[in-house]
């Protein structure tokens, strides 16, 4: 056989063997601690690793276990806590220690703590020590499957010592004893004290005092600045302690704007009250017919409101609106010339009683007539209505009183003159305008000549005055209206409430 052919066949066999080995190696899963992971995934997701390991090695029994990083734990690489059967199970890994170690140490530490959690959840942690036979059984099983090197204790001593930057040393005899030579090294600034479990033995055997000999650079300056910034006054600390002990809380005064019931400052002023009341009254008169009794009730309500709102400071309340208010009201609301529209109708500004077929010629009303009602006719007034005294006294809280008197003694209510009615003013204005212009009050709808029997009957007929509700002869109603309206204007003086 040709030698070249023999060499070629040998080379081919070697090549086939190598390819078979490569194929077998490719079919095998990559180890969890393979060095290639350091380049592919140097900082893996902790939650993703936990879920993957739980399904692969622990049959999904750790779904309710919590896993998280701890930024303050520097003494050990990881810890698993369990609150009892059916309680919370939590795994915490030290971020300060493991961030300085390769990815292999993170995977092995996580699997180590997951074995503890599995024993807790399955209630199989009956070993006297945490790393007994049950723990070692699962540890060897996972090491064979993954090629990892899970151990009982970690070897991160250099990293742990790196974070122990607060050193104390005893000045007693123990500073010459092995293995510590009187040193206490801690990651936190907590000096040795009675809270340490070995303190009692140290006091018996040594009795020395621990003196701090080392701390991180600029630690004292940082601590002083933080203390000054966070320092609170003694009063604030005492108040906080009182609140924690359940004592009475300090009362903080109210700094806003409050309202006191019954205070004069909280009630609207008298001028605003009367102005708004007059506008509302005028609106009501334009929409419906108000009777005299309804006006009296509103007047009583107004006086009561003023007395309740102003108990201490008496104010001068003017019942008459100002000229500007009168102009506004007159522009919006038409004038009514007859006070009682139910009993009278308007005929060219003169009140004519409803139901009469014809009336005599009316004489022009003279504002200067001074005619008194005879006592005999005053006795003929309607006795069915309740009469009130001729004067009413309104007393304020300060003791001031104002007497409102009437010219006519048969008024129905003592508060009638407190506010002038819009109908009375408009009736008086209409009569004065017609008198000044020289026009007569003769009705255009009635015949110009009246018979003698009709004039005699009109002179004898008695009617009620719409202002004072007094009984007056029909032929003298105009003069009586002038006198009543003029009397109301003179008697309505400012009063104190």
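Note: Cβ is positioned from N, Cα and C throughout, glycine not excepted.
For the ranges 318-325, 326-333, 334-341, 358-365, the feature annotated in Swiss-Prot as motif 'PIP-box' maps to 326-333.
Between the listed ranges 413-424, 461-472, 473-484, 485-496, Swiss-Prot ties the annotation motif 'Nuclear localization signal' to 413-424. Annotated by Swiss-Prot as motif 'SHP-box', the relevant range among 254-262, 263-271, 272-280 is 254-262. When each of the binding-site residues 112, 116, 131 is scored by how many other Cβ atoms sit within 10 Å of its Cβ, 131 comes out lowest. In three-state terms derived from DSSP, residue 113 (active site) belongs to a helical segment.
Under the DSSP three-state reduction, residue 131 (Zn(2+) 1 binding site) is assigned to coil, being neither helix nor strand.
Apart from the site residues 112, 116, 131, the chain places the Cβ of 80, 113, 115, 130, 135, 139, 152 no farther than 8 Å from the centroid of the site's Cβ atoms, the recorded Zn(2+) 1 location. The Cβ neighbour count for residue 113 (active site), using a 10 Å radius over every protein chain in view, is 20. Straight-line distance linking the Cα atoms of residue 113 (active site) and residue 131 (Zn(2+) 1 binding site), rounded to a whole number, equals 11 Å.
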